[in-house]
Amino acid sequence: MSGHGQPVPMVARKGAALVGTAVVPGDKSISHRSLILGALSIGETHVTGLLEGQDVLDTAKAMRAFGAGVERLGEGEWRIEGVGVGGFAEPEGVIDCGNSGTGVRLIMGSMATSPIVATFTGDASLNGRPMARVTDPLALFGTRALGRRGGRLPMTIQGAEDPVPVRYATPVPSAQVKSAVLLAGLNAPGETVVIEREATRDHSERMLAGFGASLTTEVTPEGRVITLKGQPELRGQSVAVPCDPSSAAFPVCAALIVPGSDVLVPNIGLNPTRAGLYQTLRDMGADLTYENPREEGGEPVADLRARYSPAMKGIEVPPERAASMIDEYPVLSVVAAFAEGRTEMPGVRELRVKESDRIDAMATGLRACGVTVDEGEDWWAVEGLGAGGVPGGATVESRLDHRIAMSFLCMGLGSAQPVRVDDGGPIATSFPVFEGLMAALGARIDRANA
Ligand code: S3P
């Protein structure tokens, strides 16, 4: 089930080459943050290129519930009338964040130091994911959390009446945890410090500074030390959301494994905290080029061109690269199946607590499609069968996980037999135009019961 409706069985089949230009939607991480920071600012924030996937729409609804004005002006164009730091109202109903870990964790942080109470829930996937990683550091501000055993949603958060600033070293590499602490730090007096051993995506830091917060990042032997001065006056901004490198991964990887393909994916943010997949694909020998490299809104951006790459080789992905490509391991494992030799993916324990246990979900589906996969708690490895060598021919479970669904549909475009996915509904959380975009490139992806 998609969590938002009936299951949508889908099937992908081998067909002609994928050719053309694929404009992917706005970055999900930046879209969530533009709504939340807009709501915490004084005055108006104008956003263009906002991802209108269900995850982000759920965050927009939540910001309204906390008192911000949030209005859709046109396709991807939104206006937010903020209430200022500390200005959130107590929501009347339960905040339903659907499938979105980013949504719920960042919103919990953003209300945790205001004297209000809010109850959060989500779909079956989100209600199974760990929340203590956020509520533990929020408790240091004086925030209280009451939830199910194991620190899971539904959960009620009572914001701190008199928050104190916090110094917190994140025990897991998570931009969501880092961001929740920084957002909570906004309404605490003094300086809130977050230390992360491994660099995770830094959109919160960049955007907080852009909205007028005083924030510094120092690289020390302990890790990255991020210091935020509390109680700033954030000012509404214009935000142009770049295209999402995590969504771009699907047409790019599909092009690499479908004979004759040549696909251009324009305007992709290549922020080094997000671009690990593309480096890895190049290390494997993918024909992937960065055209027209430039800077936009302080972020490195390029047009990606991916061409069919029959000579890719398996590699060991450096574990220190994991955080910069954490959402891309599922689709990387598909590409690895079409490469020669073994691809090892160490240092990826976090994959077990995403929208699904992504190692288990991918390993199960890959094996059903004739691919050998080994796995441990924090690593996995795929035995490549070479170009054209993947049998396919199975129905796999997407487990309420958009990236699992899209990864297997990409696989079906290059495998000998079709690959079916039991429910493509979750794709709408992050990439609502996936089917149309892939069809325009020539992909044979259909609703199985249509
Ligand atoms: C995100 C952080 C990552 C990523 C998620 C988006 C964000 O999660 O997997 O899709 O926008 O901060 P973790 O913080 O759990 O690594």
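Using the three backbone atoms N, Cα and C, a Cβ is placed for every residue, glycine included.
Unlike curated entries, TrEMBL annotations are predicted automatically.
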Annotated companion of LYS28, SER29, ARG33, SER174, GLN176, ASP327 at the 3-phosphoshikimate site, TrEMBL, chosen from LYS61, LYS229, LYS354: LYS354
Binding-site residues clustered about ARG403 (phosphoenolpyruvate binding site) [Cα within 10 Å; pool: SER29, ARG33, ASP327]: ASP327
Densest Cβ neighbourhood among LYS354, ARG403 (binding-site residues), 10 Å radius: ARG403
Count of other CB atoms lying within 10 Å of the CB belonging to ARG33 (3-phosphoshikimate binding site): 25
Where the C-beta lies under 6 angstroms from ligand 1, the matching binding-site residues among SER29, SER174, GLN176, ASP327, ARG358, ARG403: SER29, SER174, GLN176, ASP327
Proximal residue to ARG129 (phosphoenolpyruvate binding site) among binding-site residues SER29, ARG33, ASP327 (C-alpha distance): ASP327
Residue pair LYS28 (phosphoenolpyruvate binding site), ASP327 (3-phosphoshikimate binding site) - Cα distance, angstrom, rounded: 12
Spatial neighbours, same chain, of GLN176 (phosphoenolpyruvate binding site) - Cβ under 8 Å, 6+ residues apart: GLY101, THR102, ARG105, LEU106, ARG133, VAL134
Chain-internal residues, separated by at least six, CB under 8 A from SER174 (3-phosphoshikimate binding site): ARG133, THR200, GLU350
